[in-house]
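Taken from Swiss-Prot, the feature ATP binding site covers Gly11, Pro12, Thr13, Ala14, Cys15, Gly16, Lys17, Thr18. The substrate binding site annotation in Swiss-Prot covers Thr13, Ala14, Cys15, Gly16, Lys17, Thr18. The annotation region 'Interaction with substrate tRNA' is assigned in Swiss-Prot to 36-39, 160-164, 243-248. What Swiss-Prot lists as site 'Interaction with substrate tRNA' is Thr102, Arg124, and the listing cites sequence analysis.
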Amino acid sequence: MPIPKAFALLGPTACGKTALALKIAETLPVEIISLDSALVYTGMDIGTAKPSASERAFVPHHLIDIITPVQTYSAARFVEDCTRLIGEITARGKCPLIVGGTMMYFRALTQGLNDLPEADACLRADLDEQKQMYGLDFLYRTLQKVDPETACRLKPNDSQRIERALEVYYLTGKPMSEHLGRQSPHTLPFDLHTAALIPENRARLHENIALRFHLMLEQGFIGEVENLRRRYPGLTADSPAIRCVGYRQAWEYLDGKTDFPAFVEKGIAATRQLAKRQLTWLRKTPLDCVADPFSDGTSCTRLIEAAKRFFGA
């Protein structure tokens, strides 16, 4: 029995991935698997540029609105869910189309997961207490002592990754850098064709990001974040959901830590930094075909034709 096929459409934020995916859906019987760590959360629609109800009615979407903002999702769970969905979609006679820009998830899918321990709620609570008492800098200095290699590649204000690295060390007695260095070879259980939208005109991408951020504000983004604060009292600025680009900046604004113009500036800047990181990942990712979304249009047409050839349409 032939193994399933899946077509991945990658790209930075605000480059037109959703629009191109819908064009592919006009020519192939696809079902879309979201490769976006922000779209998993319910109630976070505007700030994540979540596909509209009409778009989701036009073509089935998966891994959207599957948890609440106080719950957590991981690369390991994505790999499990995505692999299962590829099999289920193929069994229905449809074409799995993976669309998004969360490159950490894509790397886990294609290169495998490291044998790291699951999160430990008690240990994480202890680390949070240490952070509250002594500051994040204390945790970072601790990490520098027990795992200098990981500390060197992390920013001193990256609370989530610093705590995770310490958690791994305390649970296993070995630094995360050692675990990452022992990753075993990985074989995909499906045939994957990887395409990407990579804009040559970065100024155009930056303009798109700013325009989309202002559109989100017009659509009620601040009200959306206010609603999250009311509905989920347990949410904080350090919650994974609120660390999503735009939400952290809105949270700080609503906390009175910044004024509105500064919030907008920071939100746009953070989104541009996200796009830069995504493009850096893409440069290191083996790609079967690439298109410039801001070219004359023939480039994206080639991706559509590539998808058709791959699925034998």
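Yeah, the Cβs are placed from backbone N, Cα and C, and that goes for glycine too.
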Original post:
What same-chain residues lie close to the region 'Interaction with substrate tRNA' (36-39): Cβ under 8 Å, and 6 or more beyond its ends?
Top reply: 47-48, 50, 63-65, 73, 78, 100-102, 104-105, 241, 244-245
Original post:
Using Cα coordinates, what distance in whole Å links Arg124 (site 'Interaction with substrate tRNA') and Thr13 (ATP binding site)?
Top reply: 31
Original post:
For the region 'Interaction with substrate tRNA' (160-164), what is the mean per-residue pLDDT, to the nearest integer?
Top reply: 91
Subject >> Near-site residues: substrate, ref Thr13, Ala14, Cys15, Gly16, Lys17, Thr18, CB cutoff 8 A to centroid >> reply: Gly11, Pro12, Ala19, Gly101, Leu197, Asn208, Pro293
Original post:
Using an 8 Å cut-off from the Cβ centroid of Gly11, Pro12, Thr13, Ala14, Cys15, Gly16, Lys17, Thr18, can you name the remaining same-chain residues around the ATP site, in sequence order?
Top reply: Gly101, Leu197, Pro293
Original post:
Rounded to a whole number, how many Å is the Cα of Lys17 (ATP binding site) away from the Cα of Thr102 (site 'Interaction with substrate tRNA')?
Top reply: 12
Original post:
Residues with Cβ closer than 8 Å to the Cβ of Cys15 (ATP binding site), same chain and 6+ apart in sequence?
Top reply: Leu197, Pro199, Leu205, Asn208, Ala275, Pro293
